[in-house]
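Undergrad: Before I ask anything, let me first share the structure, which is written out below as structure tokens.
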Amino acid sequence: MARPVARRLAVLAVSAAVLSVGAAPPSAGKTEAPVTADEKVPVAVGYGGAVASVDADASAAGIEVLRKGGNAVDAAVATAAALGVTEPYSAGIGGGGYFVYYDAKSRTVHTIDGRETAPLTADENLFVENGQAVPFAEAVSSGLSVGTPGTPATWDAALDKWGSERLGTLLKPAERLARDGFTVDATFRSQTASNETRFRYFPDTAELFLPGGRLPVVGSTFKNPDLARTYEELGRKGVGALYRGRLARDIVDTVQEPPVDPASGWKARSGDLSLKDLSAYRTKRQAPTKTSYRGLDVYGMAPSSSGGTTVGEALNILEGTDLSKASDVQYLHRFIEASRISFADRGRWVGDPAFEDVPTKELLSQKYADSRACLIKDDAVLTSPVAPGDPRDPAACGTGGTAAPTTYEGDSTTHLTAADKWGNVVSYTLTIEQTGGSGITVPGRGFILNNELTDFSFTPANPAVHDPNLPGPGKRPRSSMSPTIVLDEHGRPVVALGSPGGATIITTVLQTLTGFLDRGLPLVDAIAAPRASQRNQTTTELEPGLWNSPLKARLEAIGHGFRQNPEIGATTGVQRLPNGKWLAAAETVRRGGGSAMVVRPVP
Ligand code: GLU
């Protein structure tokens, strides 16, 4: 197979090497000023390792760890813990996530599935009452939606396997941030505002996030001493303290009897999470998904996330078209149609593999993708919902079974990417599901519990066919999180990236990857490019940059229909440059812009 991407990246590598002549050698840099959180820039280039996240304090926490000799895994944990402070509505120890790790020594990719699990007492009627699905909003702000948190266990597993520092040390920057406070920005205030009504249902949440009964003021300092204490405790005792003992008891009590203000009138259903659920929780180590794409290997998260299989299938579908030569309209048309088709398959086939027979390998086969790609026409648009195919029995241009719409998923979460001077890389997406999770704070502990279980189908998406994403005892709800690492033909990293955004994560990662790998965009531009998201729905979502562009009318002329979405995703990534140099990249504008940092910047 031709290797245009690999070749182009090789050229890029050479020019970067030439450009770096005269720059500081990797060993220099003792005299630089310390990294401060004020340096919120969307792109940074330099040596010693890199971190990109949505938040400057969080990136700085990771950089601090790298500077002191920690590795990418250490930095990722420190950054994630700091995000639990500054992005408490998107991430934290009350949630879960997926950790993808590239080990430079062995040139191999590994993953940790730290997804939340349903209570052991759950069955497929978890969200059904009197034969009816519980209204979604009622399920969200309730104990019913809270899964056993996987984030602390993920940190523990990652450090145990690949880390070099103690958890207690790595939690220190976040603990400090929680105790001393961080500066409230417009995003934090607006996320609080959009949750204000339901936060007031839960007095502990209101007390923490609506200090003095009001929205936090932009520019003010926000402190969370309860969380500082919780981090200190986890650092001292290990994460087992969250899964057994007093803290576990506090979590269980909170879920079983959500501390709701009776005057609010909110009916906060209780959940059945128990001490047994917490003590039984285990992360899973499993093989990453692997997709060959234009001579590169794209590694992602296997089910229970649908990220790896869906991004992978779409890439395989797109592989038949030279996207580097396509016009903007052709590129977007192909991208939209590939997304549509792979979402049809995702809905039908992907669920927690501990409970479902998921054809992961077959979904990722080129043969299957080719059989699906042949549905795409240059001058027409597929009608959604497109029916799924049968990956175990690919039929040319065939669809098998009945179509089903894609169900709703939240739109918050956060992604971080870290690399170290040894060449190790972490791509880590973590979440508490909705922005603000369940809205329920564990009293006195400083963190919000997730509502991840609402990622399950409440009732079958398609009553005619088995839905692999119905709740079950200890089952993981299907995710869309797509932390990704791309390696070249020598097994060396090219780029690592990921995004929040519920099911739009998949299309954002796909669009950013193709923007970078095929369309020749620098990573920060591929991230900044206006996004489209098609998830096997009648219309495709467009950000304003595309909505207001002439491309929209040209795509409509082929038959595309659109609706507007003001903002999709918040990507971060790192790119390996030659000679130990890294480029970190984040959003330029979305969510107020992200924060890219390297240990020793070069001009
Ligand atoms: N809960 C979603 C998932 O696992 C992520 C939510 C989000 O990104 O907002 O796919």
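If you go along the chain as it appears here, the first residue is 1 and each next one adds 1.
For all residues, glycine too, the Cβ spot is worked out from N, Cα and C.
Feature list, courtesy of TrEMBL:
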type     : residues                               : note
ACT_SITE : Thr413                                 : active site, nucleophile
BINDING  : Arg115, Asp455, Ser479, Ser480, Gly502 : L-glutamate binding site
REGION   : 385-404                                : region 'Disordered'
SIGNAL   : 1-23                                   : signal peptide
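Set these features in their place in the structure for me.
TA: In the three-state DSSP assignment, the secondary structure recorded for Thr413 (active site, nucleophile) is coil.
Beyond the region 'Disordered' (385-404), the same-chain residues lying 6 or more positions past its ends with a Cβ under 8 Å from any Cβ of the stretch are 340-341, 344-345, 347-349, 359, 362-363, 365, 367-368, 370-372, 374-375, 461-462, 464-465, 536-537.
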Undergrad: Whole-number answer please: how many Å between the C-alpha atoms of Ser480 (L-glutamate binding site) and Thr413 (active site, nucleophile)?
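TA: One finds 11 Å between the Cα atoms of these residues.
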Undergrad: Quick one: Cα separation, Ser479 (L-glutamate binding site) versus Thr413 (active site, nucleophile), in Å?
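TA: The separation of the Cα atoms works out to 11 Å.
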Undergrad: Rounded to a whole angstrom, what is the C-alpha distance between Gly502 (L-glutamate binding site) and Thr413 (active site, nucleophile)?
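TA: If we compare the Cα positions of Gly502 (L-glutamate binding site) and Thr413 (active site, nucleophile), the gap is 8 Å.
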Undergrad: Tell me which residues of the chain lie with their Cβ under 8 angstroms from that of Thr413 (active site, nucleophile), as long as they are six or more apart in sequence?
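TA: Once residues fewer than 6 apart are set aside, Thr413 (active site, nucleophile) is near Ser90, Ala91, Gly97, Thr429, Leu430, Thr431, Ile432, Glu433, Met481, Pro500, Gly501, Gly502, Ile505.
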Undergrad: Which residues in the same chain, at least 6 apart in sequence, have a Cβ under 8 Å from the Cβ of Arg115 (L-glutamate binding site)?
TA: Gly96, Gly97, Tyr98, Gly147, Gly150, Ser304, Ser305, Glu452, Arg476, Pro477, Ser479
Undergrad: Where DSSP helix means H, G or I and strand means E or B, what are the helix, strand and coil counts for the region 'Disordered' (385-404)?
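TA: Here the numbers are 0 helix, 0 strand, 20 coil.
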Undergrad: Once the DSSP letters are reduced so that anything not helix or strand counts as coil, what is Arg115 (L-glutamate binding site)?
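TA: DSSP call for Arg115 (L-glutamate binding site): coil, neither helix nor strand.
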